Amino acid sequence: MQEILQVNYNNSWCYDIIFHNSYEKLGEELEKLSLSNHKVCIVCDSNTNTYLQEVINSTKEHVAFVDSYVFQAGEENKTLDTVKNLYEHLIKAKFDRNDVLIALGGGVVGDLVGYTAATYLRGIRFIQLPTTLLSMVDSSVGGKTGVDFDAYKNMVGAFHQPKCVYMNLSTLISLPKEQFSSGMSEVIKYGYIKDVSFYKWLQDNHDRILNQDYEVLREMVYHSCLYKKEVVERDPLEKGERALLNFGHTLGHAIEKLMSFKLYHGQCVALGMVAAIYMSAKRGMLTWEEVEDSVTLIQSFGLPVGISSIGITEVIAATKNDKKMEAGKIKFILLEKIGSGYIESDVTDEEMAAALEYIMQNN
Ligand SMILES: NC(=O)c1ccc[n+]([C@@H]2O[C@H](COP(=O)([O-])OP(=O)(O)OC[C@H]3O[C@@H](n4cnc5c(N)ncnc54)[C@H](O)[C@@H]3O)[C@@H](O)[C@H]2O)c1
Ligand SMILES: O=C(O)C(=O)C[C@@H](O)[C@H](O)[C@H](O)COP(=O)(O)O
Ligand SMILES: [Zn+2]
């Protein structure tokens, strides 16, 4: 397995994804960006703060000045208010167009810092140092950045590619179990939409994954990044195929909003995936045995497959704010079989309601 994956757009190199078990090689990556005359601001949250000093130590000899900024952890802080506070910090610290932001944390830090970098002074460079499983396998790659707006998920954002994604897999040691499970949701997603053999590999390696066997984790993170990289290279701006990465997200995002972010993103995606799997079976594309198998697999990674009570009408109404709406129709991701997702534009409210009833009865 390689230590680096290259992400290319329009057949030319855009950035590298580095897989490592420490921050030892971060300096080498910073050297490639020629930052000796430029400042960096390492932005983290109140938990990923733990890794701040280590990252400062690996950074300071390769840049002109290291600054840092810490905000309160949690999806509820992925807002324009936090972005505004960060803009103020950068203005005070006289960050200019050649200076760089470093996102040290999970998807919340990455999305928010990426969006700040996309908009501050009309765009500056940024680097992703993902520290959650979810951010390693999904959010740090592909350049979707943004924040929530009035609890509407990722309503304000921009496509802005990082200059480097450097993952130190050893940071997963301190990640709470439930957060690890949340990340597994996006991993399982690749099996459903892209590769049945990956789905089977996840079943076969279940125990080693949950025991965080380093070699297995590395293989899993690497392959997840490879799936994501291939999709975003072909369709960086989500004109087509990239929408497949939204498998489980249409209902997932609606549930996330209605639960006021009390459930994690990956947990809501898991519920959304179970609903989409049910809908695919109802249309005759999956067998009921495959539905049962899926529920078992998703649950075995510590993810929810049912929810006690949620307003079906409210969830369906919330899906109408999805960014995948086109001419009043939702682009829903269904499965023609396990390992192959497709975009379906004629999903009805009745189908969604039946799937939501199914996940309520699963609780
Ligand atoms: N841009 C994209 O393509 C994309 C893809 C998927 C998800 N997302 C977004 O990502 C977000 C979810 O990301 P997430 O699950 O990483 O959430 P998160 O960033 O909130 O991290 C989860 C929790 O773990 C803590 N944490 C992070 N790393 C840690 C570590 N190593 N040890 C201990 N604690 C640690 C964080 O402080 C936080 O409390 C959502 O906002 C979602 O919309 C974006
Ligand atoms: O990278 C993508 O494209 C994705 O859809 C990945 C998703 O896992 C992620 O949650 C993304 O932020 C959702 O995008 P959105 O456009 O529906 O907000
Ligand atoms: Zn997601």
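The backbone N, Cα and C atoms fix where each Cβ goes, and this holds for glycine too.
Copied over from TrEMBL:
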| type | residues | note |
| --- | --- | --- |
| DOMAIN | 69-181 | domain '3-dehydroquinate synthase N-terminal' |
| BINDING | Gly107, Val108, Val109, Gly110, Asp111, Thr131, Thr132, Lys144, Lys153 | NAD(+) binding site |
| DOMAIN | 183-325 | domain '3-dehydroquinate synthase C-terminal' |
| BINDING | Glu186, His249, His265 | Zn(2+) binding site |
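The structure, with features from TrEMBL marked on it.
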residue	record	DSSP (3 states)
Gly107	NAD(+) binding site	helix
Thr132	NAD(+) binding site	coil
Lys153	NAD(+) binding site	strand
Glu186	Zn(2+) binding site	helix
His249	Zn(2+) binding site	helix
His265	Zn(2+) binding site	helix
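Across the structure, Val109 (NAD(+) binding site) and His249 (Zn(2+) binding site) are spaced 20 Å apart at their Cα atoms. The Zn(2+) site is set by Glu186, His249, His265; from the centre of their CB atoms, other residues of the chain with a CB within 8 Å are Leu134, Asp138, Ser185, Lys189, Gly248, Gly252, Gly266, Cys268, Val269, Gly272. Other Cβ atoms within 10 Å of the Cβ of Gly107 (NAD(+) binding site) number 25 in total over all chains.
Cβ neighbour count within 10 Å across all protein chains ranks Glu186 highest among the binding-site residues Asp111, Glu186. Within 10 Å of the C-beta of Val109 (NAD(+) binding site) we count 31 further C-beta atoms, all protein chains included.
In this structure, the CA atom of Lys153 (NAD(+) binding site) is 10 Å away from the CA atom of His249 (Zn(2+) binding site). Close to ligand 2, meaning a Cβ under 6 Å from one of its atoms, are these of the binding-site residues Gly107, Thr132, His249: His249. Of all the binding-site residues in the record (Gly107, Asp111, Thr132), the one with the smallest CA separation from His265 (Zn(2+) binding site) is Gly107.
Checking the binding-site residues Gly107, Asp111, Thr132, His249, His265 against ligand 1, the ones whose Cβ sits under 6 Å from it are Gly107, Asp111, Thr132, His265.
Residues Gly107, Val108, Val109, Gly110, Asp111, Thr131, Thr132, Lys144, Lys153, recorded as contacting NAD(+), have a largest CA-CA distance of 21 Å.
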